[in-house]
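Copied over from Swiss-Prot:
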- CYS116: active site (ACT_SITE)
- HIS258: active site (ACT_SITE)
- ASN288: active site (ACT_SITE)
- 259-263: region 'ACP-binding' (REGION)
Amino acid sequence: MTSVRRAKITALGTYVPPRVLSNFDLEKMVDTTNQWILERTGIRERHLVDKGVAASDLAVEAAKKCLANRGIEAAEVECIVVGTVTPDMMYPSTACLVQHKLGIPNAWGFDVSAGCSGFLFSLTTGAKFIESGQYKKVLVIGSDVNSSMIDYTDRATCIIFGDGAGAVLLEPTEDGEDVGVMDHIHQVEGVGGQYLYMPGGGSLNPASHETIDQKMHYVHQDGQNVFKYAVKKMSEMTEKVLKRNSLTGTDVDCFIAHQANKRIIVATAERLKMPMEKVIINIEKYGNTTAGTIPLAMQTALDEGKLKKGSNVLLAAVGAGFTSGATLLRWAF
């Protein structure tokens with residue numbers, strides 16, 4: 001009998017910059033209060049980079065921790081997939097910069113732009129490379145410097161986002177191992193592009209005095225429509241992937257959702273009839289770090305002892321685009 005080859009997560013590493021911006025700091029910057037932010041988002045503070053620190057820098061720090069935790073050299077990595085919407089520059093890709101900074105001699109890689117679903121999309125992509133049998137070590141990273149595209153006079157967005165990164169190493173399962181990435185469902189619905197976007201800097205609106213004056217290089221968000229879609233879609237995607245695998249919310253040992261808003265996560269868990277002790281919420285400390293949220297939440301789950309070998313783990317995300325996804329995996333260590 002031949003075992004099914006799956007991709008398993010064998011190591012994890014995360015990084016957030018040391019500088020913290022609290023709700024009380026924001027009270028001095030815009031018309032808001034700590035209580036208002038907490039009640040509507042669940043966020044108390046977020047970490048921000050200093051000037052000159054980019055997405056590749058956070059990615060490299062997370063990757064170094066990941067590889068050290070696995071006890072391998074960077075040179076063993078064969079492929080790098082980076083989920084980000086805040087690349088250091090339009091090109092070269094963040095993956096190229098990470099490869100160079102880590103000193104990996106024979107890897108290839110690329111970036112995945114899927115908003116807050118970026119880590120999930122990257123994880124699936126990396127898993128498929130492992131499943132193909134062509135690669136044995138794929139580095140998957142989610143890294144975003146959201147502060148680079150936030151208008152800190154706009155209270156609708158500046159209270160939400162933070163900077164951070166996380167990395168996982170994917171390797172093939174051994175014969176007889178029933179762990180790894182079990183299933184996934186992803187979707188894009190471009191009709192949602194009008195609700196969360198950054199219009200400046202691309203080929204449609206290249207950088208100019210006009211785009212700067214019109215604040216087109218900042219995030220624009222219709223929070224109400226994004227919230228409604230996220231609550232509906234995250235529940236829908238998680239229910240689909242569970243049903244396809246003959247599981248229910250009670251079979252899940254750990255639910256790790258994109259940390260966009262505490263109310264979205266709670267609403268999804270309630271719809272799945274999942275006890276809140278199985279739900280990972282760390283948005284209070286980090287805010288929304290876009291592609292960084294899920295690996296950062298994985299680290300929280302590990303630290304809290306909620307991830308053990310064989311645990312059924314459900315991941316879910318909704319992001320700009322709209323993009324959405326749910327991934328079912330069985331924890332490997």
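The backbone N, Cα and C atoms fix where each Cβ goes, and this holds for glycine too.
Projection of Swiss-Prot feature records onto the structure.
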residue : record      : DSSP (3 states)
CYS116  : active site : helix
HIS258  : active site : coil
ASN288  : active site : strand
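Other Cβ atoms within 10 Å of the Cβ of CYS116 (active site), summed over all protein chains shown, number 32. Looking at ASN288 (active site) and HIS258 (active site), their Cα atoms lie 8 Å from each other.
Listed active-site residues: HIS258, ASN288; maximum Cβ neighbour count within 10 Å falls on HIS258.
Across the fold, the C-alpha of HIS258 (active site) and the C-alpha of CYS116 (active site) stand 7 Å from each other. The region 'ACP-binding' (259-263) scores a mean pLDDT of 97 in the predicted structure.
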